[in-house]
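As recorded in TrEMBL, the features of this protein are as follows:
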{"type": "DOMAIN", "residues": "63-211", "note": "domain 'Alpha-D-phosphohexomutase alpha/beta/alpha'"}
{"type": "DOMAIN", "residues": "243-350", "note": "domain 'Alpha-D-phosphohexomutase alpha/beta/alpha'"}
{"type": "DOMAIN", "residues": "359-481", "note": "domain 'Alpha-D-phosphohexomutase alpha/beta/alpha'"}
{"type": "DOMAIN", "residues": "557-597", "note": "domain 'Alpha-D-phosphohexomutase C-terminal'"}
């Protein structure tokens, strides 16, 4: 995510602002900075009120390219997403790609897609994801690199699919996923179709800083018209969508003929994003009857007019319209994509109300469903089965793997790790059928190496049809799995602080100079895994089997009673996320253990009542 590389000194701010005005191709952001410069410098050329504070916030440091690419608000300056920061990012990326001779970017080209986000209507700037995609494409075109530029809005999973299908050197998706309307982002896939991991991020960041000035006339003074430059080297993208949906039908659909004519009785919302057209086609690829769409949220709307936050994880606040529509038409299940359609939320009518399943619950159900499908096809595919999950996700699938005899592995948090690890396992001869993270991200099969809410929606819908034929619901299926493999109960949440220093204090106290916390609310700690430092007290040599990530804070405690408590920072804001999971002989038993540990996390570790810092708890 976006962190900041800090510059210092007034002269550095002024030079950065003056270069911005000189280089920025967008008249609206360029003019805004120019006006601030005019009213913020004195006769000696030094910064002065009233606009100097704004200039300092814009040009003291800049966005840093990380493994998640860039994500920040629309706006002028080097700490926001605008045409110049995107242009500089594209130049740095291309410079790095050209250095990698084996990647052969001038032959392979790049894939570029974008979502519907734009800044008009709530800012004074004319900025959009589409324009950022065009800027990026033009940078590559200026160096005669072929560009596969999607001509219209696209769901995120289509970009990694197209990257591998075209054999491209990399893929770029301009999106901020489920962030607020003020944001957009720049997500990067390597040639293998997985999100980048280190050292690519550090190398790209270095090349960006070495290529800040626009290259030649092609990158200066475009005035927002990039079409001619792109057209010279563009390659067609029309076949990618059809091939993607055909792959869904042939590799992920279990019973196309059996699905035909079956009504899944599902209400669907695209959450004002790009997902409707793509998820509609995924249902068609599975032979399923259409879903009922929430019309108020069906079309792409960059203002996300009906929701405070366009994130289906938010629950009833984001899904209120979907629940009302489902009640009107008698749907028993609600599916919701996030705005770029790489995540999926699932609700089911239970009794008189709606149950929003957690990401872990749907991950457990989908994982078992994909295992059954793979086990049934063992005659045609004899490769050993494997699954992956992030280390903060439920341990439930490890129990399934132990009983059913397949490989289950954990990775660091994020699909960048699961996508790359899945490729490694496939090279070793494994059939990686499923990977997921608790934040409602699921990857079924090998169509893409990233989370995919489009394919997951069709698979869940097919599951609903099959379960209904057996007189069962998703909740029934989940209960059956728990009765077979264990009652794993997770309690995940976060605490947001107004002072970042509190995070350093908390993790410093947890580590205590190497003498880690011994108990949480009276329960003894059995082992500690510190992925910031690469330590695991349960292994020989006390070295973690997962790679260390010094850029983020992460500590996991395995308790004597088998429960797991994990704490990590968010990377984008002063927020501490905690994950508690316990297993019991019943839902109540597991829940009691988990609740007691959550109480310990809040009172013994975070110390919400006495630490003395301002903080906010989620509703």
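Yeah, the Cβs are placed from backbone N, Cα and C, and that goes for glycine too.
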Remote residues contacting the domain 'Alpha-D-phosphohexomutase C-terminal' (557-597) - C-beta distance under 8 A, at least 6 residues beyond either end: 1-3, 68, 71, 360, 391-392, 394-395, 399, 413, 438, 482, 486-500, 502-503, 506-507, 510, 516-517, 520-529, 538, 551, 605-606
Per-state residue totals over the domain 'Alpha-D-phosphohexomutase alpha/beta/alpha' (243-350) - DSSP helix, strand, coil: 45 helix, 18 strand, 45 coil
Secondary structure tally of the domain 'Alpha-D-phosphohexomutase C-terminal' (557-597) (DSSP, helix then strand then coil): 11 helix, 19 strand, 11 coil
Secondary structure tally of the domain 'Alpha-D-phosphohexomutase alpha/beta/alpha' (359-481) (DSSP, helix then strand then coil): 65 helix, 22 strand, 36 coil
